[in-house]
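Asks: Before I ask anything, let me first share the structure, which is written out below as structure tokens.
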């Protein structure tokens, strides 16, 4: 049985797509090993079929500290890969992949890199010259070296299986006057209907780096929104840190709206089912999931994201009229409230965005697996 190594770490945004790819490859008869770092250890579940290996590389701004750490990590990776004898190594970018990718190059194992974002990251750009193929999620990608263009294959991103099973969400088009429900998207294979049939549902999540801002901004925006339209029927589903939940719930209770506030949602598919609109950061995996199910979003990119890639992701979708980009440095509760009200008042805008998203959808798990098999 041929062995394939996947390398991803740092955040769930890198981890879960790689696991989804691994599950597809296992179905095709391959033995899949996954090298990740300590930060992603929390995401590993017993029912995951890939074989995990923890290889941690701590970052340091001090080059004299980082180089010895990198050297040790590379030696460990060489030993690991030498014993496995993989047919190919696939890296998803970010510094956790550095040591295994160096090891693969040293052992002459073919490498493929996958760039989830619309901006080629520094690590992927460095390894581009060594890669057999470069899989990308977006047809338009920034920071791509000229020599690498011949290696490019557009596969789209990889979406988790439980999200893929949703197929297409039947969105709700609710005018402020009628509150009526009509289907925006006809089912391709199946339809999942929101549980809150009469309420316009907004799902807000920001990840570990974004929840604090959203805990302050979103309730303030909803307050303004309800002041402008007191008769509006809303359902708010929001991710928030434990320390912020009491204050948020108090605000929503006083507004007399339906809400659910939690620190973490184990199964995002359940929340996606209900949502008519998402407010989130603009990480690649989030965008791929929303694209796959045709769920429009207002994106507030994380300014500190590497190479400002979240801004480029969100702006690309805004340019294609598949989403809306509001920059954190320029946003206010009033501006966000106005944008939400505009979308609720003009359901055709949501309908068009949803349809445009579905036009972008790709079966990334299959296309990337096909590419890997070509290299093998």
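Note: Cβ is positioned from N, Cα and C throughout, glycine not excepted.
Pulled these from Swiss-Prot:
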BINDING   11, 12, 13, 117, 160, 208, 310  UDP-N-acetyl-alpha-D-glucosamine binding site
Asks: Whose Cβ, among the binding-site residues 11, 310, has more other Cβ atoms within 10 Å than any of the rest?
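Replies: The most densely surrounded of these binding-site residues is 310.
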Asks: Please identify which of 12, 13 has the densest Cβ environment, defined as other Cβ atoms within 10 Å, among these binding-site residues.
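Replies: That would be 13, with the highest Cβ count within 10 Å.
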